[in-house]
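Visitor: Please see the structure below; I have some questions.
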Amino acid sequence: MALKMRIAIIGQSNFAADVLELLLDRPNIQIVGVFTIPDRGSREDILATTAIIHNIPVFKFACWRRKGVALPEVLEQYKSVGATLNVLPFCSQFIPMEVIDGALLGSICYHPSILPRHRGASAISWTLIEGDEVAGFSIFWADDGLDTGPLLLTRQTNLEPTDTLDTIYKRFLYPEGVKAMGVAVDMVASGVAPKIIQTEVGATYDPAMFKTENQVINLQATAEKIWNFVRGLDSVPGAIATVLHENGTEEQIRLFGAHLYSAGPVSKGKFLRLRGLTKTAWIHSGGLLIEGTDGAFVNIRRIKRGTKVINASEWFKQAEDQSITDFSEDELVKRSLVAGIWKAILKEDVDSSTDFFASGAGSMDVVRLVEEVKETFDVPLQNEQVFMAPVFEEFFSLLVRFLRQGSAYSDDQQLNFQAFTLKANKREIRVPTQLFINGEFVDADSQRTLEIVNPTNEEVLCRVACASATDVDKAVQAAHSAFYGSWRQITPRQRGQLMLNLADLMERNKEELATIESVDSGAVYTLALKTHVGMSIEAWRYFAGWCDKIQGNTIPVNPARPNNVLTFTRKEPIGVCGLITPWNYPLMMLSWKMAACIAAGNTCLIKPAQTCPLTALKFAELTVRAGFPPGVINVLPGKGSDAGQAVADHELVRKLGFTGSTPIGKHIMKSCADSNLKKCSLELGGKSPLIIFADCDMDKAVRHGMSSVFFNKGENCIAAGRLFVEDRIHDEFIRRVLKDLRTMTIGDPLDRSTAHGPQNHKAHFDKLLEFCRRGVDEGAKLVYGGCRVPHLKGYFFTPTVFTNVTDDMFIAQEESFGPIMIISKFNGSDVDSLMQRANRTEYGLASGVFTKDIGKALNFADRIEAGTVFVNLYNKTDVAAPFGGFKQSGYGKDLGQEALNEYLKTKCVTVEY
Ligand code: NAP
């Protein structure tokens, strides 16, 4: 049998371990010893661990020589293995010539550049810094110079514009390098390995980039040079720059994620002063933009400040963040406990800059970390919080915040906001009164405020900040940064979990929310609890479930033969969405729209109705507690003509979800078209017909007929705007309605026995009085109400009934949006005419029919022009069922799976193979 070649491997790291594994497969080779570095703490180099698994003798030397002289005991151990070839895959130590020449066949060494260019320890960095067009590696015969020995082989690849130190190493220098080491050893074994003397032409000895002074970037350079320098040090150690703060202090930062930026200077950015840069640098929504000496631009996506890597676009936000520095002794003890948990999971020493994921942790490790921390410290940590704070220092600060607050989701947690205290319903509720932008409560730019009136007693409740176009712009910029930054880091399932957290918090605060809604909008408390708040919670839960089920299709298309083609679609979020809502169900309208919008992966800002924005502000507070990243949800109370209009006009808003009146909806649609052709969905007014046939269940028809009009004091978009009652039961129906109306309890909406509260605000109340006056003037018969409730302060409008209403009357055509029942007769033999009359309106939101004849009911459902049809019931909406109108009641759906599509766009991808 032929003698095996005896190899000593001298080196360290995964690269060397992979070379070892590769050579172990060679039958003509025996690995006789592995020489590597000593353990660091309890952590052994992977090369040693791999060698031990394969029963190969391992030697760990701190150094091989002292004062230039090889250590005899080290030499002796090396000689004991009797190697005929030394293989140095990746070696950071100085190996004495007695060892280099100690093997019969010599020593072969891997070097990550095409020698003789870029000799020295930082060859890969210099390949990029110098803007080389090709990168590569050499395997050479080691001699007594620095990377000067004769070449055995070289390999090269083109450098891509997207390459960084990391990518070139991972995609080429590492995998191809390991393979080439095997090839080189085979060539030596078969006696065909060349020794090509290196030419000195083009040889460079580049400085080592592990020295901090060499990592400082020269910003007095062209954009291309700046770009190359940053990517040459990306991701380790990162190019150093210095920020000159306005207060005269300086801060050293590291730059990552550079790319040339041909879009030129940004108009919306904030200036940042960098030492050595005479040109301009801005923080903008895409990062940090630096102008080179040649007038071209380079953009930096990420910045490391201290131990934390942030999106460069969030520089000014981060600058305001309060990082914890004043740890107590007890907290420092806890710090070592947490470090111990990290260390046990990562199997490496942990310091403040250790990144959980960069150290190799996976999703199971996240679960283990969360469970161990919860068990040790009894805090309600969530998996997604690890993803948001992956660096040890951030993670520990997060934990300290939990511990100091008692609980991250504690109701006692005091966020920093101005509030008014609502004392109602046997409770005291703090309600924020500022705008909510980028995760913080802030004053309006103009300092203007809105007066919020309690409709039950007509007294001013409080004043809240009133947003202007400037505030809208700030919120849009925040939502834009979040959409392209932190929100993208969150997986769909984590997004769903955040929404569930929010729903749970709303559930826990449902009495508070319902109380606010009742006082602010006049909603009856029990209804507010069940519908306004209850259905809001259901909407968040329902859409949370959709987050990880948003899927495209694969589509069979005709291939261009002889090739095959794969076509598939992706459903993608649209971007920043503006939401504008009315005052009738403030929290529910917000939730219907926003839950679908957020589930689809968008970020948003909402302008609630100016008359009752309080539940939206309380909701904003809960989003912080639920863990939503800043900028994802922004809430801006304000006037429609100002803040609302600014949302519709904004060029970075890509979708507008609007609920409100038809005239404003038309106006908004024009603004969407004129500004940037943003997608819009419009949920508008209604004048819904309700048909009651003589063969109905009369009790049910009266009960539902009443609720079809008087539910939520008629401030209900699907309210039956017109009742058609068959002539045979007309009088009986009216008699029973009037009987029930006379016993209806009207009064304080917080009283549990109240069935009918005050109208939302004065202008609306006055409009209802005017509506009734027109009805009377036109000759309709006012059989009940039509006026203020006598002896009651507040906007209490008496539930009203009109009969003898003809089709041409104003009250038959127009929406009242109040508790006004409009009744007309029909003859049961003439259903065709009835259907024409029911459809003779420009609205098409909802409709209803009462009959025991299923044929009649389905015939009605076929022929009615409305987005919703109720048969033998009314007002039955559900978060899973699509909701929206036809004709001038708008288009697009809220709720159900269809609502998701309003906030998604479809991308079609075609691949030839
Ligand atoms: P609205 O007057 O149309 O107002 C709706 C929202 O639009 C409010 O936030 C309003 O701000 C804002 N707005 C006004 N002018 C604007 C502009 N130029 N640009 C952008 N936003 C502007 O309706 P409303 O009186 O509040 O609500 C009642 C109407 O809503 C009724 O017609 C009802 O049928 C309809 N509605 C429809 C549905 C549905 O799902 N189809 C549901 C509920 C209500 P301000 O607060 O400053 O006025």
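For all residues, glycine too, the Cβ spot is worked out from N, Cα and C.
TrEMBL does not curate its annotations; it predicts them automatically.
Owing to the predicted nature of the structure, the values given are computational and were not obtained by experimental measurement.
Pasting the feature list from TrEMBL:
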- His111: active site, proton donor (ACT_SITE)
- Glu683: active site, proton acceptor (ACT_SITE)
- Glu683: active site (ACT_SITE)
- Cys717: active site, proton donor (ACT_SITE)
- Gln93, Phe94, Ile95, Asp147: (6R)-10-formyltetrahydrofolate binding site (BINDING)
- 607-610, 640-645, 660-661, Lys767, 815-817: NADP(+) binding site (BINDING)
- 328-403: domain 'Carrier' (DOMAIN)
- Asp147: site 'Essential for catalytic activity' (SITE)
Visitor: Sorry to bug you, but what's the C-alpha spacing from Glu683 (active site, proton acceptor) to His111 (active site, proton donor), rounded to the closest Å?
Guide: 66
Visitor: Does Glu683 (active site, proton acceptor) have same-chain partners at least 6 apart in sequence with Cβ under 8 Å from its own Cβ, and which are they?
Guide: Phe658, Thr659, Gly660, Cys717, Phe883, Gly884, Gly885, Ser889, Gly890, Gly892, Asp894
Visitor: Restricting to the same chain and to sequence separations of six or more, state which residues have a Cβ under 8 Å from that of Ser816 (NADP(+) binding site).
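Guide: In sequence order, Gly714, Gly721, Leu768, Phe771, Ile822 meet the Cβ cut-off.
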Visitor: Judged by the number of other CB atoms within 10 angstroms, which among His111, Lys607, Lys767 is the least packed of the recorded positions?
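Guide: The recorded positions His111, Lys607, Lys767 were compared, and Lys767 has the fewest Cβ atoms within 10 Å.
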Visitor: Could you break down the residues of the domain 'Carrier' (328-403) into DSSP helix, strand and coil, giving a count for each?
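Guide: Breakdown, helix to coil: 51 helix, 2 strand, 23 coil.
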Visitor: I'd like to know which of the recorded positions Ile95, Cys717 has the most other Cβ atoms within 10 Å of its Cβ.
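Guide: Buried the deepest by this measure is Cys717.
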Visitor: What number of additional C-beta atoms lies within 10 angstroms of the C-beta atom of Gly640 (NADP(+) binding site)?
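Guide: A count of 18.
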Visitor: For (6R)-10-formyltetrahydrofolate, with binders Gln93, Phe94, Ile95, Asp147, what's the maximum Cα separation in whole Å?
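Guide: So the maximum pairwise Cα distance among the (6R)-10-formyltetrahydrofolate binders is 13 Å.
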Visitor: With respect to ligand 1, which members of the recorded positions Phe94, Ile95, His111, Asp642, Lys767 satisfy a Cβ distance under 6 angstroms to one of its atoms?
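Guide: By the Cβ criterion, which requires under 6 Å to ligand 1, there are no hits.
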Visitor: Using a 10 angstroms cut-off on Cβ to Cβ distances, just flag whichever of Asp147, Asp642 is the loneliest among these binding-site residues.
Guide: Asp642
Visitor: Which Cβ among the binding-site residues (Gly644, Gly660) has the fewest C-beta neighbours inside 10 Å?
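Guide: Across Gly644, Gly660, these binding-site residues, the one with fewest Cβ atoms within 10 Å is Gly660.
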Visitor: Which whole-number mean pLDDT does the model give the domain 'Carrier' (328-403)?
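Guide: Across the residues of the domain 'Carrier' (328-403) the model's pLDDT averages 86 on the 0 to 100 scale.
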Visitor: Spatially speaking, which of the binding-site residues Ala609, Asp642, Gly644, Lys767 is closest to Ile95 ((6R)-10-formyltetrahydrofolate binding site)? Use C-alpha to C-alpha, please.
Guide: Gly644
Visitor: Quick check: with Gln93, Phe94, Ile95, Asp147 left out, which same-chain residues have Cβ atoms within 8 Å of the centroid of the (6R)-10-formyltetrahydrofolate site Cβ atoms?
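Guide: Apart from the listed residues, the neighbours are Leu88, Cys91, Ser92, Ala142.
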Visitor: For Phe94 ((6R)-10-formyltetrahydrofolate binding site), what residues in its own chain, 6 or more apart in sequence, show a Cβ-Cβ distance under 8 Å?
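Guide: Counting only residues 6 or more apart in sequence, the Cβ neighbours of Phe94 ((6R)-10-formyltetrahydrofolate binding site) under 8 Å are Cys63, Trp64, Arg65.
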Visitor: Of Ala609, Gly640, Gly644, Lys767, which is closest to Gln93 ((6R)-10-formyltetrahydrofolate binding site) if I measure between C-alpha atoms? They're all binding-site residues.
Guide: Gly644
